[in-house]
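Residues annotated as domain 'Na+/H+ antiporter NhaC-like C-terminal' in TrEMBL: 156-478. Annotation comment: TrEMBL describes 64-82, 158-178, 198-218, 261-279, 299-317, 329-351, 371-391, 467-500 as transmembrane segment.
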Amino acid sequence: MSFGVLSLLPPLLAILLALATRNVIPALFCGVWLGATMLAGYNPAAGFYNSFSDFIVPSIGDEWNATVLIYCGLFGVLISILQRTGGAHAIARAISRKVASARGAQGATLGLGMLIFFEDYFNALTVGSVMRPITDRMQVSREKLAYIVDSTSAPMCLLGPVSTWVVFVMGLIGTQLTTMGASGSEYLLYLSTIPLNFYAWLALGMIFFIVITQWDFGPMARAERRARETGKLMEDGAKPPSDTEAMALAAPTDTAKKRNMLVPIAVLLVMIPPLFLWTGDYPNNDLVTAVGNADGGKSILIATMVAVIVGLSMGIGQRLFDFREAMDIVVEGIKSMTLVYIILALAWSIGSVTSELGTADYLVTLTQANIPVSLVPVLLFLIAAVVAFTTGTSYGTFAIMIPIAMPVAAAMDMPMALAIASVLSGGIFGDHCSPISDTTILSSAGSSCDHIDHVRTQLPYALTAGIAGIVAFFVAGITATVWVGALSGVATMLIIALILRRVWQPVSKQQAQTS
């Protein structure tokens with residue numbers, strides 16, 4: 001049965017409810033329920049039952065999906081171990097001894113944020129809380145600290161080789177590949193999106209540019225001038241959120257060691273390549289064939305498990321916790337990923353629903369008739385940005401948009417990686433601009449910065465990188481050349497930043513008195 005334009009209703013309902021309620025879980029479930037109801041002859045009771053029997057439960061029981069859920073849980077355990085053993089705090093202490101200027105403090109914050117690429121919440125809370133005493137000493141405004149923390153955490157999670165975001169996105173990609181009957185490694189496909197994730201690169205480039213040149217503009221320039229001229233790190237009347245959650249992460253500073261973070265992460269990264277070869281049946285297959293046939297999910301699962309064992313062993317060996325406490329850490333780590341489990345299960349389910357309704361086929365027909373292929377990346381970027389901005393969640397945006405973007409890309413013969421990267425970039429961009437984003441809120445908390453002041457000062461920088469990202473995707477779509485799109489994005493970002501630096505500067509007290 002062909003549903004035609006009606007096949008758009010389930011994902012459209014999910015998007016509209018997510019925008020209205022700012023909660024992606026009930027929005028996704030309602031989308032699944034509506035789709036199942038349509039497939040059950042528009043019987044809502046049968047649709048409710050079928051939502052679980054035909055879509056949600058089978059999605060959880062699928063071998064690949066179960067693997068994703070397990071290594072999401074293991075990643076939660078690894079993050080809990082790294083929090084408890086305090087390696088990030090030890091690294092920050094070592095950095096602080098070499099910082100002698102405001103520029104150095106900002107650069108050190110950026111460096112630590114790039115090092116913690118494996119989890120955005122851990123990044124946002126840890127970097128802000130451990131670097132704040134250093135930036136305060138160097139009279140860096142809290143707004144600037146929050147901007148560096150926030151604009152580093154999410155991009156790094158999608159530009160690194162492995163993170164909680166990576167396993168989440170891999171789960172969505174792997175399911176869609178299976179649904180479309182496509183072959184290939186979901187991990188290799190994810191890796192191919194990294195150079196195309198233009199907004200993530202541009203957001204990081206923007207931070208580097210601002211930190212090196214100190215050419216702030218707009219509200220951020222005013223905040224930095226206030227901090228340098230008056231010593232006030234926040235606006236009068238600012239209400240920084242409580243950062244007790246961030247402070248709870250701190251391990252005893254006299255026992256925390258840098259290797260407590262570096263060793264488990266090194267084990268994780270070093271083990272992935274040989275596991276790829278092993279799961280790809282090397283040396284029976286040649287190197288290229290083995291990598292192409294590798295089981296990315298199983299490889300990361302095993303590598304993460306070994307990293308967890310190493311991290312727990314180090315903590316017990318240093319007497320930071322005993323065996324019973326170690327088991328409590330494991331349980332808490334698994335529980336910390338509960339929302340991810342639910343969102344993934346519902347995302348897989350709505351992907352199955354839209355597949356049976358023929359949503360992607362209808363969108364392809366509609367798009368081919370009305371929209372040039374070269375404009376599809378920009379369109380995906382903008383839609384993802386709007387969804388992320390209004391819902392405050394990149395995870396939910398990816399869950400809604402990737403099952404739509406991949407079939408459209410396949411049918412329109414455009415690079416799959418470019419379509420996925422457009423969604424990933426749009427999700428991060430909307431997240432950076434949104435005052436209700438979870439990572440934005442946590443960055444304010446970790447940096448002890450008034451939340452509205454953080455959003456207000458970060459917005460011009462995020463919009464600069466976002467406009468440059470639109471140009472990059474537009475040029476890449478037209479030329480089908482990555483480096484041309486990237487260069488056009490960088491050029492656009494620098495031009496906008498230089499113009500705003502010249503025309504959007506605050507007036508100092510001395511200038512005001514002489515004018």
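Backbone N, Cα and C atoms are what each Cβ position is placed from, and that goes for glycine too.
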**Request:** With pairs restricted to those 6 or more apart in sequence, evaluate whether the transmembrane segment (467-500) and the transmembrane segment (198-218) have 3+ C-beta pairs under 8 Å.
**Result:** yes
Relative to the transmembrane segment (198-218), the stretch among 158-178, 261-279, 299-317, 329-351, 371-391 with the most Cβ pairs under 8 Å is 158-178
Query: Per the 3+ Cβ pairs under 8 Å rule, pairs at least 6 apart in sequence, do the transmembrane segment (329-351) and the transmembrane segment (261-279) touch?
result: no
How about the transmembrane segment (158-178) and the transmembrane segment (371-391): at least 3 CB pairs under 8 Å, pairs 6 or more apart in sequence, or not? no
